Amino acid sequence: MDWGALQTILGGVNKHSTSIGKIWLTVLFIFRIMILVVAAKEVWGDEQADFVCNTLQPGCKNVCYDHYFPISHIRLWALQLIFVSTPALLVAMHVAYRRHEKKRKFIKGEIKSEFKDIEEIKTQKVRIEGSLWWTYTSSIFFRVIFEAAFMYVFYVMYDGFSMQRLVKCNAWPCPNTVDCFVSRPTEKTVFTVFMIAVSGICILLNVTELCYLLIRYCSGRSKKPV
């Protein structure tokens, strides 16, 4: 996956975000994407090759691994980041649409007095108001939903956030109940708890930003003359 391209796109959204939104994006890239790309892959490595069972029965090890780890932690985190980042792309599309409309009006001469040239339209910060407010607020709401949903899926799928050292498996074609050992369980548990904690921080930041936008919206409406 090209994380650099994603950073470029979200960096454009960050320009029009609130201060809390900028903090969220910093946490997303430094504490999640960078950790995932640089450190987590080294810790997990070839998970299936390091998963050892005390049997020589062909296929038993693969079946047991698939039973206890239906989706790799790395792939699940990558999928989570894609879902969490997608709502921000909607904001980027909305901002691009607004700029396109302003360019069209500028070329027609409808708003020539507001801008010197088209380059000024490209660099102007778009205010979060009107229909963009709804798009931006909706994107934050869906980010919270996706974060919470993936945390729940993670907890249910792996039966908690800690990595077991030993798992017992009796799935076919294993001849009986066999013992399987997970490599570096403590290190993996630390990374898992860290990633879950950062997800919780992101949820807190998103909820805080959502409350801030709602309060600002309500206070703005109350100031308008009846």
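The backbone N, Cα and C atoms fix where each Cβ goes, glycine too.
Among the features that Swiss-Prot reports, intramembrane segment is placed at 2-13.
Annotation source Swiss-Prot lists topological domain 'Cytoplasmic' at 14-20 (among others), citing a curator's inference.
Annotation source Swiss-Prot lists transmembrane segment at 21-40 (among others).
Sequence-distant contacts of the topological domain 'Extracellular' (41-73) (same chain, six or more residues past either end, CB-CB distance under 8 Å): 157-158, 167, 169, 171-175, 178-184, 187-188, 191-192. Marked as topological domain 'Extracellular' by Swiss-Prot: 41-73 (among others).
The disulfide bond annotation in Swiss-Prot covers CYS53-CYS180 (among others), and the record cites similarity to another entry as its basis. Cβ neighbours within 10 Å of CYS53 (disulfide bond), excluding its own Cβ and spanning all shown chains: 20. In the three-state DSSP assignment, the secondary structure recorded for CYS53 (disulfide bond) is strand.
Annotated disulfide bond per Swiss-Prot: CYS60-CYS174 (among others), in sequence order. When Cβ atoms from all protein chains are considered, those within 10 Å of CYS60 (disulfide bond) total 22, not counting its own.
Feature annotation from Swiss-Prot assigns disulfide bond to CYS64-CYS169 (among others); the stated evidence is similarity to another entry. Under 8 Å, Cβ to Cβ, and six or more positions away along its own chain, CYS169 (disulfide bond) finds CYS53, CYS60, VAL63, CYS64, HIS67, TYR68, THR177, VAL178, CYS180.
Residues or ranges marked as transmembrane segment by Swiss-Prot on the basis of similarity to another entry: 74-94 (among others).
Looking at the topological domain 'Cytoplasmic' (95-135) alone, the prediction's average pLDDT is 69. The topological domain 'Cytoplasmic' annotation in Swiss-Prot covers 95-135 (among others) and is backed by a curator's inference.
Marked as transmembrane segment by Swiss-Prot on the basis of similarity to another entry: 136-156 (among others). Long-range contacts of the transmembrane segment (136-156) within the same chain, counting only residues at least 6 positions beyond its ends with a Cβ under 8 Å from a Cβ of the stretch, are 17, 21, 76, 79-80, 83-84, 87-88, 90-91, 94, 128, 196, 199-200, 202-203, 206-207, 209-210, 213-214.
The annotation topological domain 'Extracellular' is assigned in Swiss-Prot to 157-189 (among others) on the grounds of a curator's inference. Here the topological domain 'Extracellular' (157-189) has long-range neighbours at 43-44, 47, 50-55, 57-61, 63-65, 67-71, 73, 76, 196, meaning same-chain residues at least 6 beyond its ends whose C-beta is under 8 angstroms from one of its own.
When Cβ-Cβ distances below 8 Å are used as the criterion, the transmembrane segment (190-210) is approached by residues 18, 20-21, 23-24, 27-28, 31-32, 35-36, 39-40, 43, 73, 77, 80, 84, 137, 140-141, 143-144, 147-148, 150-151, 154, 161-163 of the same chain, each at least six residues removed from its ends. Residues annotated as transmembrane segment in Swiss-Prot, with similarity to another entry given as evidence: 190-210 (among others).
The topological domain 'Cytoplasmic' feature in Swiss-Prot is assigned to 211-226 (among others); the stated evidence is a curator's inference.
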DSSP residue counts for the topological domain 'Extracellular' (157-189), split into helix, strand and coil: 6 helix, 8 strand, 19 coil
Listed in sequence order, residues with CB under 8 A of CYS174 (disulfide bond) and six or more positions away: CYS53, THR55, GLN57, CYS60, VAL63, CYS64
Cβ neighbour count within 10 Å of CYS64 (disulfide bond): 22
